[in-house]
Amino acid sequence: MRPCAVKRSRLSCRASSEPFPAQVCIVLGTQWGDEGKGKLVDILAQQYDVIARAQGGANAGHTIYDENGTKYALHLLPSGVLNKKAMNVIGNGVVVHVPGLFEEIAEMQEKGVNIDGRLLLSDRAHLLFDLHKEVDGAREAELAGNKIGTTKRGIGPAYASKATRNGLRVSDLAHPDKFKAKLSALVTDAQKRFPDISYDVDAEVAAYDKYAERLQPFITDTVDYLHDAHSAGKRILIEGANATMLDVDHGTYPFVTSSNPSIGGIVTGLGMAPTKFEAIIGVAKAYTTRVGAGPYPTEIHGDLGEKVREVGREYGTTTGRPRRVGWLDVVALKYVCKINGFTHLNLTKLDVLDGLDEIKVGVGYKVNGKTLSSSMPASIEDLEAAEVVYETLPGWKQDISGVRSWADLPKAAQEYVQRVEDLVGVPIKWIGVGPGRDAIVIKN
């Protein structure tokens, strides 16, 4: 599917004056998260009727800005909340911490964003309790020097409960007589593993009795809703949380999240068949970052790494943790392109590289005597020992944050973008040059 021509819209964002042609469009992260997916989703969301989240939990922070530059930090809410005409869907693949969801809704309301009548929550979504956070912290403490680096928000334990089949789902809230028994069994199971965990089941049940009443207007069969919406010709935009290099199957295991932030997680997390997907957009930073532990072949250390971190404001939306920074890893990017079948790429934060004399791009790994160009070693030990093969490109040494057209980008910046596109083999359509909604360049 060919992208359409783009002009400035009345919303002051560089979105198309004609709708992006895909009825169902998916936006996924390609690296270790924090690529800036929320911004592109926010821009495209102005053109879509439904915006849906398919997986992950409140560990996935998306930062978006409105046309006035007001900043919004989202964790569970889909990034379409600023489109007052759009329905926002939290799918069955998401693990939901209900108190956190209500806190986020309240924060949005304080900023003048009312989501009443514009949010749907799957009755099949699993509930994430404070118990799961306790377990998360206890598990991480056990690992000592080998910590995974989780956000300690209970995501992993909640997905573990789902897989163990003793988890509770949103639909369980409709059966309070059985809710307590199920929650008690969940707590007992956790305490067998971590005896020091103390948990007041009665207080939690009382809290969730109240939450159930407040949640009721949002709860629905989102599988049925999405299919009906599609049949009615509604346009559906789907945003992934986290990113493919954190995928529990395809990422740098075990330093990964607990869901599938790749295309497979969209299918299972919303119950939509892939035959309905018309455009799949991958979002990649012009460099790379990752939070927490794990192998990171192109990591930049020392003063240069600190400079990129500060210029890029690389601190977690959800945790505030400083992110590790590195050069663009084309090996990993080509690998995730194969997995997800991207039709377009969005290259973000190109402006962060403005002050550099030269820019490196990792184009290969030397592992055990072989050079890999698009295959990621499954072994953490092999990945940690990999020697990166770099290409070095000239920097442009000028501020591009005010640029809004491809022709106005410095030649060296154009060459950098074009070289990445040539290496990866997927067209780069959108180029981010700043945090604001209008700070985007459309590649001709």
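Every residue, even glycine, has its Cβ placed from backbone N, Cα and C.
All annotation found in TrEMBL is predicted automatically rather than curated by experts.
What TrEMBL lists as active site, proton acceptor is Asp34. Marked as active site, proton donor by TrEMBL: His62. The active site feature in TrEMBL is assigned to Lys162. Annotated GTP binding site per TrEMBL: 33-39, 61-63, Arg323, 349-351, 432-434, in sequence order. The Mg(2+) binding site feature in TrEMBL is assigned to Asp34, Gly61. Positions annotated as IMP binding site by TrEMBL: Asp34, Glu35, Gly36, Lys37, Asn59, Ala60, Gly61, His62, Thr151, Arg165, Asn242, Thr257, Arg321. If you look up TrEMBL, you'll see Thr317, Thr318, Thr319, Gly320, Arg321, Pro322, Arg323 marked as substrate binding site.
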**Q.** Lowest local Cβ density among Lys39, Lys162, Arg321, Arg323, which the record lists as recorded positions, within 10 Å
**A.** Arg321
Q) Taking Asn59, Thr63 as the binding-site residues to compare, which has the smallest set of other Cβ atoms within 10 Å? A) Thr63
Q | Lys39 (GTP binding site) to Gly320 (substrate binding site) - Cα separation in whole Å | A | 19
(Q) If you compare CA-to-CA distances from Gly36 (GTP binding site) to each of the binding-site residues Asn59, Asn242, Gly320, which comes out shortest? (A) Asn242
Q) Between Arg321 (IMP binding site) and Gly33 (GTP binding site), what is the CA-CA distance rounded to a whole number of Å? A) 13
Q) What subset of the recorded positions Asp34, Asn59, Val433 lies within 10 angstroms of Arg323 (substrate binding site) at the C-alpha level? A) Asp34
Q) Which residues of the same chain, at least 6 positions away in sequence, have a Cβ lying under 8 Å from the Cβ of Leu350 (GTP binding site)? A) Ala286, Ile400, Ala413, Tyr416, Val417, Ile431, Gly432, Val433
